[in-house]
Amino acid sequence: MLVPIPALNDNYIWLYGRENLPVIAIDVAECKNLSAYLTQHHLQLEAVLLTHYHDDHTGGVEELKRYYPDIPVYGPAETADKGATHIVNEGNIQTAHYRIEVVPSGGHTANHVSYLIDNHLFCGDTLFSAGCGRVFTGDYGQMFESITRLKQLPDKTVICPAHEYTLSNLVFAEAFAPNEKVKSAVKNQRISVESLRAQNKPSLPTTLALEKNINPFLQAENLADFIYLRKAKDNF
């Protein structure tokens with residue numbers, strides 16, 4: 001089971017679980033929608049994963065813990081005061097039913113992490129469909145290194161970003177496409193996403209294979225090109 005639960009303006013709280021097992025929640029932006037979904041579908045919550053400290057990824061944790069006082073909450077050091085009970089930065093987490101790989105992915109924030117469960121990557125604000133996160137408390141070199149690390153995952157990896165930014169990202173990617181082949185691929189994806197969003201359907205998840213064809217930040221060959229694109233997107 002893989003479910004993006006809409007939250008706030010454009011966030012997704014991701015739920016992941018195998019059949020008939022408790023589920024994992026990633027980046028609890030708010031409690032209300034998450035707890036309602038869990039109750040409606042009679043789901044048990046096994047753990048919470050936080051990618052970074054920003055309030056739109058952690059704002060629901062404390063309220064959620066009122067309903068699940070013993071729930072383990074994993075996150076990087078920067079989430080220690082946001083409800084995290086277990087601090088992680090790399091390596092593996094073993095819950096009752098899941099083995100979770102912690103992937104360092106700083107840049108958006110200095111200690112940002114992503115989580116790989118089976119072949120699903122929950123990457124917070126590091127990698128978006130057709131885009132990547134802004135650089136705040138991290139730096140450009142760190143972000144480029146993180147994007148490059150994620151790019152090495154298998155093409156079949158399912159990418160689960162925390163925001164519905166796809167359409168605006170595709171508009172940028174089309175404008176900055178390096179050649180007609182890429183521009184055509186981006187345009188086709190934009191048309192597809194426009195249809196989904198018109199029906200109020202999520203554009204996510206995506207796959208690494210698709211992102212390699214449409215995401216300008218995955219196509220950046222060096223740090224200088226990456227910085228150029230990131231600054232251009234900041235002002236687009």
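Heads up, the Cβ atoms here are built off N, Cα and C, so glycines get one too.
Its Cβ placed at the centre, H52 (Zn(2+) 1 binding site) has 29 other Cβ atoms within 10 Å. What Swiss-Prot lists as Zn(2+) 1 binding site is H52, H54, H108, D125, and the listing cites sequence analysis.
The Zn(2+) 2 binding site annotation in Swiss-Prot covers D56, H57, D125, H163. DSSP assigns H57 (Zn(2+) 2 binding site) to a helical segment in the three-state reduction.
A Cβ within 8 Å of the Cβ centre of H52, H54, H108, D125, the residues given for Zn(2+) 1, is found for these other residues of the same chain: T51, Y53, H57, T109, H112, G124, T126, G133, F136, A162. It is D125 that, of the binding-site residues D56, D125, has its Cβ surrounded by the most other Cβ atoms within 10 Å.
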